[in-house]
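Here is what TrEMBL says about this protein:
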- 34-51: transmembrane segment (TRANSMEM)
- 72-92: transmembrane segment (TRANSMEM)
- 98-115: transmembrane segment (TRANSMEM)
- 166-190: transmembrane segment (TRANSMEM)
- 196-213: transmembrane segment (TRANSMEM)
- 225-245: transmembrane segment (TRANSMEM)
Amino acid sequence: MTLFDIILAAAAIALGGFLKGATGAGAPVVGVPILAIVFGVPKAVAIFSVLNLMSNTWQAWAYRDAWSNIRFVGSFAIGGALGAAAGSVLLASLSTDVLMGGLACIVFFYIGLRLRLPDWKIDRAPGERVAGPVGFLAGVMQGAGGISAPVSVTFLNAMRLERREFIGTISAFFFMMSSFQIPTLIALGVLSWERAGLAVLATIPLFAAMPLGERAARRVSKETFDKLILILLTVVALRLMYSALT
C-alpha cells in the first residue's frame, strides 16, 4: 500500500464523515467504493461496519432529544435489525443484480414523483403506523443486498422530517443494523482484529469531518436539506443501477 493509497482512503473516509455529519447518512455510499479500490471489498466492508457502529452510536445519542416519538424510532430500528437477519438468510437464493436494479427503479420513481409533485409527503400518523414493516423491508435489503438507503432514507425523506429528527431516527436505525452486521461478519471471518484496528484508525478522519458537515448543514434551510437528501438518493440509485448492469 502506497502513500497515495493511504491519502486516498483517508480522504474517502473524511468525505463520508462530512456527508454523515450533514445528512445523517451516506458515508458508506462514498467511502466503501473508494476503500474497496485500496483494500478490496471484504476489507472495505469490514472497516465500514465498525465505522458505522461508532458513528451512528455517536449521532443517535447526540440527536436523541430530537426523537419526537420513541415508539416510532424503536419500531423502525428494531424492524430493520430483524429484517437484516432475514435478508442474510435470503442472500443465497436471491439474484443480487435483479434486486439492485429493482431498488434503483423504485428510488428513481420516488425522485421523479418528488420533482413533479414537490408538496407530496407521507403524513405523520400513517408513517408511524408502517414504520416497523418499512424498517423490516429496509433491513431485508441491507441483509440481502448490502444497502438499505433506497428504502430507509426514501421513507424518512417522504415523511419530511425536520433535519435533527431525520438524523436522530436514521442513526438509531443504522446503529441497530450495525449491531447485527458486526457479529455476522466476525462469524464469517470477514472482520478480524487487524481490520478492526484499521477501523479504529479510520475514525480519526471520520470524526474530524463529521462536525464540519454538521456545522455546514446548520446553515441551510429545511428545503435545501431536503434537496441534499434527494441528491444523495440519486447517487445511491445510480450506484445501484451500475452494480446491477456490471
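Cβ coordinates are placed from backbone N, Cα and C, and glycine is handled just like the others.
Curation plays no part in TrEMBL annotations; they are all automatic predictions.
Since the structure is predicted, the reported quantities are computational estimates derived from the model, not experimental observations.
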Per Cβ pairs under 8 Å, the stretch of 166-190, 196-213, 225-245 packing most closely against the transmembrane segment (98-115): 225-245
Tertiary contacts of the transmembrane segment (166-190) (same chain, 6+ residues out, Cβ under 8 Å): 23-25, 42, 45-46, 49-50, 52-53, 55-57, 59-60, 63-67, 72-74, 76-78, 80-81, 84-85, 88, 135, 138-139, 142, 148, 152-153, 156-157, 225, 229
Other parts of the chain folded back onto the transmembrane segment (196-213), taken as Cβ under 8 Å at six or more residues beyond its ends: 9-11, 13-23, 27, 43, 46-51, 54-55, 58-59
Within-chain partners of the transmembrane segment (225-245) [C-beta distance under 8 Å, separation at least 6 from its ends]: 19, 22-23, 25-26, 29, 33, 96-98, 100-101, 103-104, 107-108, 110-111, 114, 147, 149-150, 153-154, 157, 160, 163, 166, 217
